[in-house]
Amino acid sequence: MPCYTVTVATGSQWFAGTDDYIYLTLVGTEGCSERTLLDKPLYNDFERGAVDSYDITVGENLGDIELVKIEKKKYWMHDDWYCKYITVKTPSGDYIEFPCFRWVVDDKEIVLRDGRARLPQDDKTRVAKQHRRKELETRQKTYRWKEWHPGFPMSIDAKTHKELPRDIQFDSEKGVDFILNYSKAIENLYVNQFMHMFQSSWGDFSDFERIFVRIKNTISEYVMQHWREDFMFGYQFLNGCNPVMIQKCTQIPEKFPVTHEMVADCLERDLTLEEELKAGNLYIADYEIMEDISPNATDPCTTQYLAAPICLLYKNSQNKILPIAIQLSQNPGEDSPIYLPSDNQHDWLLAKIWVRSSDFHVHQTVTHLLRTHLISEVFGIAMFRQLPAVHPVYKLLLPHIRFTIAINTKAREQLICENGLFDKANGTGGGGHVQLVQRAMKTFTYKSLCFPDAIKARGMESQEEVPYYFYRDDGNRVWEVVKSFVTDVVNIYYASDETVQEDDEIQAFIKDVCSFGMQDFDYCEFPKSLQTREQLVEYLTVVIFTASAQHAAINFGQLFLGMYPDEHFFEKQTKKAVETFHQKLSEVSKLIKNRNEGKKLPYYYLSPDRIPNSVAV
């Protein structure tokens, strides 16, 4: 009688094993096996990290194995089980891989297909089409859109982390990491000890040193020594944590009436201000988005303030970017003077501090929260709703989306919620941060997520004009490597532009992002469909780059881009593409390492060996 050998791998994360009963059924083109209890006498099956094998004997050959059904039944009390994969060895000696990487909970049944990636138009049998449809129907009931605040991108319909689908909740270690890292950050910054300082006036610059005394490394010490100096202030616009505000100044705004006489002492080339402007030596950072944002009023005993500054910057003859004029509001006049380097040193320093304060608020709320976390959640929800596990794009994106929804839900629970950390320690707490996101959404476009386009839109693309903009240089390198990898994968599964057009699932994914995730805002310019492979490559590059490299550049992480612990692709061509991806990323890492050698301010935020796969890693 034909015998099939089934190998089952249990996850190695905490509580992945189970004592529940596990049943398995093989579904082939010629028939099904009986529902079989997977159990070995006097053996503890499905322990954490275990790989167990079982023989299933059938009356006749089942034909080509199409599906594997897994059922879990309660033994004593419900005991979740994490299944990594199942391998089936057929009577003819062939091996078929069925990737799972999912939690089996309660008395639920999971039906798996083999690991080969397929587009919807590639499925010909009734069983395959039906499985695909049922998987998406279930997912769409589970992953529902919800508006957290009006004007925000849509988020998951869950108030707490515990309400999330089990497969996207943090693994136990990950949840503990989140709590420990949250506590560690509080401890490192002495926030508990100095919390009163965040909601009261600071009396001395040495307070900064008291706050950061425990953060010790070469860069932080160098910054602490030089943070008051103009060159460091300018450098941070290029390679600090928010390197997206600076742009080429092509015209001095009327609302910022800087004259040549004001800044003549700062200009080094014997040119007028207008001539420096035409020569391309002026840059500007405008925080107009901060105008009229409500300051934190959660503490009635403390009055807090916000500024909406404009800063003019000058590229000197050594190619350093230096501030030469600052106005702290959007409306010039006696109550809003223009501060200059020639002013009293403390006046000038305080003007720069106000610019940095505004930069912090825009960075945390817009650059970080909105433009990496929230938009990645939109991509993630749409992916789960519209792409089955067998779809190659699902396999491609999953490592970059995993836990994104979980960390955002945690943030809505603990950080940006009412009475969260934002309210306690942030000048825009108490609702200002919500206003900022709502305002930023009105200018948030799809093309602004395309890294080269975003750099060009700010007039910052020329290495010759701005030679020390490492965020741009390293970002372009990583973008091109990611794009090359995505191109390889897309070309494996999509033979032509027509194949993209005929893929109903990818079209549904794209439409879901725009019409539901971004609420169909006309100004967002997110595509509602894709017509070519080139468009698909750009879109998928945006998703991966935003969740990994862009987030790393403005938040910095610790796990590696391109390192996928769960193997979702099984085709040789795709595995080769992943290998090539690793090699190219390694080359970029070496290039950046060599560039950083000997630098007092090395820039490594976009080094691939330091870029996390997703915003949640």
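Cβ atoms are placed via backbone N, Cα and C, with glycine included.
Residues or ranges marked as domain 'PLAT' in TrEMBL: 2-118.
Taking Cβ-Cβ distances under 8 Å and a sequence separation of 6 or more, the neighbours of ASP80 (Ca(2+) 1 binding site) in its chain are PHE15, THR18, TRP103, VAL104, VAL105, ARG166. Per TrEMBL, the feature Ca(2+) 1 binding site maps to GLY17, ASP79, ASP80.
Per TrEMBL, Ca(2+) 2 binding site is recorded for ASP39.
The site 'Essential for stabilizing binding to COTL1' annotation in TrEMBL covers TRP103.
Positions annotated as domain 'Lipoxygenase' by TrEMBL: 117-564 (among others).
The Fe cation binding site annotation in TrEMBL covers HIS368, HIS373, HIS551. Around HIS368 (Fe cation binding site), the same-chain residues six or more apart in sequence whose CB sits under 8 Å from its CB are HIS551, ILE554, ASN555, listed in sequence order.
Residues or ranges marked as domain 'Lipoxygenase' by TrEMBL: 565-617 (among others).
Reported as a whole number, the C-alpha separation between ASP79 (Ca(2+) 1 binding site) and ASP39 (Ca(2+) 2 binding site) equals 16 Å. Reported as a whole number, the C-alpha separation between HIS373 (Fe cation binding site) and ASP39 (Ca(2+) 2 binding site) equals 43 Å. Between the CA atoms of ASP39 (Ca(2+) 2 binding site) and GLY17 (Ca(2+) 1 binding site) there is a gap of 14 Å, rounded to the nearest whole number. Summary of the Ca(2+) 1 site environment: with the site residues GLY17, ASP79, ASP80 set aside, the chain residues having Cβ atoms within 8 Å of the Cβ mean position are PHE15, ALA16, THR18, ASP19, ASP20, PHE46, TRP81, TYR82. Here the binding-site residues are GLY17, ASP39; the one with the fewest Cβ atoms within 10 Å of its Cβ is ASP39.
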